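According to TrEMBL, the domain 'NADP transhydrogenase beta-like' annotation covers A:6-454. Look at TrEMBL and you will find A:6-24, A:31-50, A:56-75, A:87-109, A:121-141, A:153-177, A:183-201, A:208-228, A:234-254 tagged as transmembrane segment.
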Amino acid sequence: MSTGAQFGYLIAAICFILALKGLSAPKTARYGNWAGAAGAVIAVAVTLSVGHLQHLGLILGAVAVGAVIGVPAATRVKMTAMPQLVAIFNGVGGGAAALVALIEFLTVASQSSKIAMGDQAATVFTVLVGSVSFAGSMVTFAKLQELMTTRPVVLPAGRWISGAVFVAAVGLAVAGLPVRSTGLLVTLLLVSLGLGVLFVLPVGGADVPIVISLLNAFTGLTVAASGYVLGNTLLIVAGTLVGASGTILTRLMAAAMGRPLTGILFGAFRASVAGPAAAAQNRPVRSGTPEDIAILLGYARKVIVVPGYGLAVAQGQHTIRELADLLTARGVKVAYGIHPVAGRMPGHMNVLLAEANVPYESLLEMDEANMELSSADVALVVGANDVVNPAARTSPGAPIYGMPILNVDSAAAVVFCKRSLRPGFAGIENELLYDPKTTLLFGDAKESLSKVVAAVKAL
Amino acid sequence: MSTGAQFGYLIAAICFILALKGLSAPKTARYGNWAGAAGAVIAVAVTLSVGHLQHLGLILGAVAVGAVIGVPAATRVKMTAMPQLVAIFNGVGGGAAALVALIEFLTVASQSSKIAMGDQAATVFTVLVGSVSFAGSMVTFAKLQELMTTRPVVLPAGRWISGAVFVAAVGLAVAGLPVRSTGLLVTLLLVSLGLGVLFVLPVGGADVPIVISLLNAFTGLTVAASGYVLGNTLLIVAGTLVGASGTILTRLMAAAMGRPLTGILFGAFRASVAGPAAAAQNRPVRSGTPEDIAILLGYARKVIVVPGYGLAVAQGQHTIRELADLLTARGVKVAYGIHPVAGRMPGHMNVLLAEANVPYESLLEMDEANMELSSADVALVVGANDVVNPAARTSPGAPIYGMPILNVDSAAAVVFCKRSLRPGFAGIENELLYDPKTTLLFGDAKESLSKVVAAVKAL
Amino acid sequence: MANQIGGMGLLTIFVLAVFVGFEVVSKVSSTLHTPLMSGANAIHGVVLVGAILITGVSSGPAQITLGLIAIVLGTVNMVGGFVVTDRMLRMFSARRGEERR
Amino acid sequence: MANQIGGMGLLTIFVLAVFVGFEVVSKVSSTLHTPLMSGANAIHGVVLVGAILITGVSSGPAQITLGLIAIVLGTVNMVGGFVVTDRMLRMFSARRGEERR
Ligand SMILES: NC(=O)c1ccc[n+]([C@@H]2O[C@H](COP(=O)([O-])OP(=O)(O)OC[C@H]3O[C@@H](n4cnc5c(N)ncnc54)[C@H](OP(=O)(O)O)[C@@H]3O)[C@@H](O)[C@H]2O)c1
Ligand SMILES: NC(=O)c1ccc[n+]([C@@H]2O[C@H](COP(=O)([O-])OP(=O)(O)OC[C@H]3O[C@@H](n4cnc5c(N)ncnc54)[C@H](OP(=O)(O)O)[C@@H]3O)[C@@H](O)[C@H]2O)c1
């Protein structure tokens with residue numbers, strides 16, 4: 001490879017570093033993404049122009065096909081479906097890396113018989129981890145798209161099956177090191193696909209974003225390893241960057257949920273899902289009509305809205321915005337309390353509310369929101385549950401115990417918009433639903449809010 | 001070089017990264033330094049054990065000589081003389097790098113006649129910057145050790161001379177790229193030494209630490225370039241790390257003083273030194289006896305001590321500690337307000353006071369100190385001037401204008417311990433000396449404080 | 001394909017890149033977790049470069065077919081990733097001027 | 001001496017090391033400026049390694065003499081630097097237990 005091309009790759013690598021740096025701060029995030037895209041363009045342009053490439057027409061055709069698939073998917077997807085799209089994109093990247101290593105292996109196998117240990121190890125690693133990442137991402141997609149249940153799927157003797165497949169994959173990988181057998185490598189690929197599926201199945205729906213982040217880091221490492229196989233520094237740098245930053249990011253996400261990563265991957269709240277949720281269903285609650293809620297809100301001085309998973313599902317972000325505007329016009333002070341893990345992925349609520357043009361100033365981070373809540377007249381909880389569940393403070397046995405929550409119970413009155421008394425992701429009862437100062441507004445978040453909007457207008 | 005040796009170098013490089021990381025946080029600073037030392041030991045051990053080295057006896061002897069010089073110097077130096085020691089250590093490092101490049105040049109010149117452009121550029125760079133760093137560091141040493149004046153030295157037509165020498169050095173460097181002439185390289189070395197001297201001469205004594213930090217970054221880059229010449233990855237990584245972190249550190253230091261780096265290097269407050277300082281000397285001030293001060297302090301509820309350059313010079317850290325202990329025993333609340341650029345180098349006051357066993361809790365950073373000062377009965381300013389000069393807030397023309405200061409004028413009473421009414425480093429009058437609520441205690445800081453200690457004991 | 005810069009050099013590059021990756025994102029606020037994940041995801045789409053390089057030197061039909069599939073997948077990852085990240089961030093930055101810090 | 005890993009590989013290493021250097025120290029508190037400067041100063045004393053390597057393959061008396069001088073200088077830089085940094089930090093850490101954060 002010419003020095004010029006290598007220099008181009010170095011520039012691309014610098015772009016990627018600047019991209020991650022930019023993406024880490026709100027002010028520069030967008031420029032960061034552009035820097036990354038610029039790096040990608042440079043990298044591809046350099047690659048195409050180094051010459052010596054056969055099948056250039058086919059290659060350009062394949063790039064065009066990829067773009068025709070990727071761009072519309074990215075531009076048309078609903079904001080609420082973002083996570084599954086990221087999962088797909090991540091999976092295909094892992095798949096591509098595994099294929100690259102496989103092709104390189106086939107090419108070298110047909111040419112020489114000397115085995116370079118380092119290359120062989122990198123090949124095996126790429127095939128294994130790339131396949132896990134691909135298959136795992138597809139399962140997360142299926143879960144998030146609700147093509148399958150979002151609850152943790154625990155096969156009978158699941159641990160044993162997963163363990164056996166894991167051992168098989170590692171065994172095949174080690175066996176593949178000294179020999180050069182295409183059959184072995186393809187078997188490894190298939191077993192690794194199975195491992196990827198088994199890895200993600202026991203993870204609950206709301207934990208899936210963490211797993212996507214983890215698989216993202218996996219794919220990064222896979223790309224780095226495929227770069228090692230090809231002797232390409234750019235792939236090594238870019239893949240390693242993503243591998244390292246993805247690992248940190250996964251840990252930060254898990255930390256924001258107050259739970260260890262191993263618990264998310266392997267524990268999945270299995271022990272405590274059924275018990276209390278079933279028990280307490282027939283205690284009395286106070287439910288209100290949209291008109292009741294409209295009066296409560298319309299004559300309050302300060303209302304804090306706490307949005308959650310259910311708002312995202314119901315696509316109610318524009319309706320809540322409309323309600324907030326109406327209330328503000330009536331002189332009510334309205335702000336939003338954003339829990340870091342509310343919604344489907346970290347930061348998801350910010351994205352959703354930004355889409356609905358909610359002013360940035362009225363989005364309060366957790367600590368700020370908790371200060372405001374103590375002087376609020378009404379806390380309006382829309383499709384959220386776990387992030388306001390006092391059990392996190394009070395029940396040492398609860399799976400969310402210790403997670404910082406939004407203390408809506410410190411407001412003078414609490415309104416819950418949800419469809420039923422069913423618990424949220426963590427599967428535990430929320431005592432606050434039965435509290436005398438709580439009013440429930442049953443129904444889909446978007447529909448309920450529309451009715452409240454109409455009722456406030458009629459006040 | 002064997003893979004084993006290269007692996008050892010990689011471990012050493014990781015140690016150096018961890019060293020810088022550790023040194024950046026108070027809790028881990030000491031471990032960081034140890035990690036660095038471990039990396040150094042590994043690097044040297046690997047180097048000595050790769051075999052193939054001639055003159056091993058001489059080499060070990062030279063290492064022993066270096067250790068015999070370096071260790072006692074480092075263990076015996078007074079805390080106040082730290083900056084000049086760091087300057088020396090930095091300078092000899094730059095010198096060593098320049099010599100390494102020179103020797104490599106001589107060796108290659110005697111063996112082959114093909115010139116590798118990259119190597120040649122790195123050689124020329126190393127000789128130039130290494131010599132600047134060496135000579136510059138020696139001048140900073142002379143300034144700090146007061147072997148010469150600490151004021152900025154401005155030669156007649158200084159800018160022109162410096163400019164000419166700079167152009168000559170760069171010209172020689174460029175001329176040295178295509179040809180292989182030992183004479184040219186030695187000339188470059190000598191001219192660069194001159195450039196180093198001229199570079200540092202116009203810098204004022206109190207700015208010297210910033211220049212040391214800059215020269216430190218220079219030496220780092222020099223070492224990286226010499227690593228390039230030798231094809232040694234460890235030197236490249238270690239040198240670059242120091243070059244990059246040293247650059248950031250220099251900017252942080254300059255920022256803490258509220259002045260741009262170019263001003264420090266080339267401006268050096270020249271315009272405003274003489275004027276106001278001379279004018280206002282014969283206005284009345286109130287001076288007190290040690291007994292007056294003892295009464296003021298002994299019956300206060302809260303005293304904030306603001307130490308500065310003069311305390312370091314007078315070595316009064318133990319005496320101020322003694323005074324603070326006495327006052328605390330009397331029920332007076334005592335704390336220290338630490339300005340980031342008080343003393344001779346950034347963080348110098350923390351080091352000095354830590355040496356005197358001042359409890360960490362009573363060292364207040366600037367913002368905290370300013371809050372405490374507004375409710376303090378007495379601000380005791382010991383050998384400080386610029387860092388408490390209200391001109392930084394009030395006189396847009398002053399060289400220190402805009403620098404954050406410790407607002408001792410918000411305390412109920414102010415005591416200055418200094419030898420005269422002479423201004424501090426910035427050379428500007430301090431109006432606070434003439435304020436009615438100020439009392440001056442003239443004399444060397446350590447002696448004055450001892451007298452105050454005696455007087456407080458006698459209360 | 002030969003490693004032009006030697007295994008140990010590549011390992012050094014790997015180690016340094018790990019540190020850069022760790023340090024650069026270690027202070028990100030939770031608001032940006034999702035776009036950061038998505039942006040990092042787009043970056044590893046650079047595997048496209050590897051797919052192009054390997055396809056360009058392949059000869060057997062199986063290898064070329066696999067190579068083209070890898071190119072399609074890599075392109076989807078890269079192009080889709082940057083576009084979707086930009087979409088997310090566009091919403092954040094719509095009111096940049098009013099931002100608080 | 002030959003560059004074993006190629007100019008571009010070395011440049012990549014250089015660039016990555018620049019980023020690591022920038023990122024790692026960018027959040028240091030002013031209290032630690034002096035020890036950090038001193039510690040970084042000690043690290044570049046690793047030029048000693050270069051001085052040893054070059055002296056070990058030198059033959060002319062001039063080169064050996066210069067090499068030995070470089071070794072002495074490098075050792076002073078490295079050994080002295082770590083020792084003096086430790087001395088500074090020892091004072092800071094004397095009361096680690098009572099530290100506030
Ligand atoms: N954000 C993240 O990054 C992330 C990642 C992984 C895990 N998690 C976890 O996800 C949970 C998030 O907490 P959360 O409070 O936002 O959600 P949650 O605790 O899962 O509760 C969501 C609530 O929304 C209601 N809901 C669902 N669809 C609705 C609709 N169409 N209209 C109205 N209500 C609807 C559900 O009650 P009904 O069925 O009665 O309507 C449910 O109680 C936490 O446990 C967190 O740890 C979050
Ligand atoms: N810390 C850093 O990193 C750093 C680096 C570069 C520059 N600077 C600059 O240095 C200055 C530091 O401010 P500062 O307030 O600490 O010092 P300063 O403004 O230079 O004032 C020091 C004062 O100490 C007095 N003094 C000197 N020797 C003394 C002795 N033996 N006993 C008693 N008093 C004595 C001097 O007055 P008499 O002569 O009347 O006694 C002088 O007014 C700032 O301008 C800062 O920008 C600091």
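Just so you know, glycine gets a Cβ as well, placed from its N, Cα and C.
Curation plays no part in TrEMBL annotations; they are all automatic predictions.
The stretches the transmembrane segment (A:121-141) and the transmembrane segment (A:183-201) meet in space: the count of Cβ pairs below 8 angstroms, excluding pairs fewer than 6 apart in sequence, reaches at least three.
With a threshold of 8 Å between CB atoms, the same-chain residues lying at least 6 positions outside the transmembrane segment (A:153-177) that come near it are 117, 120-121, 124-125, 128, 184-185, 187-188, 191-192, 194-195, 198-199, 201-202, 270.
The stretch in A:31-50, A:56-75, A:183-201 that contributes the largest number of Cβ pairs under 8 Å to the transmembrane segment (A:6-24) is A:31-50. Within the model, the domain 'NADP transhydrogenase beta-like' (A:6-454) carries an average pLDDT of 87. Here the transmembrane segment (A:56-75) has long-range neighbours at 44, 48, 85, 88-89, meaning same-chain residues at least 6 beyond its ends whose C-beta is under 8 angstroms from one of its own. Long-range Cβ contacts of the transmembrane segment (A:183-201) within its own chain (Cβ-Cβ under 8 Å, at least 6 residues beyond either end) map to 98, 102, 105, 123-124, 127-140, 143, 152-155, 158, 161-162, 165-166, 168-169, 172-173, 175-176, 208, 211, 265. Note on the transmembrane segment (A:31-50): residues 1-2, 5, 8-9, 11-16, 18-24, 56, 59-60, 63, 234 of its chain, located 6 or more positions outside it, place their CB under 8 angstroms from a CB of the stretch.
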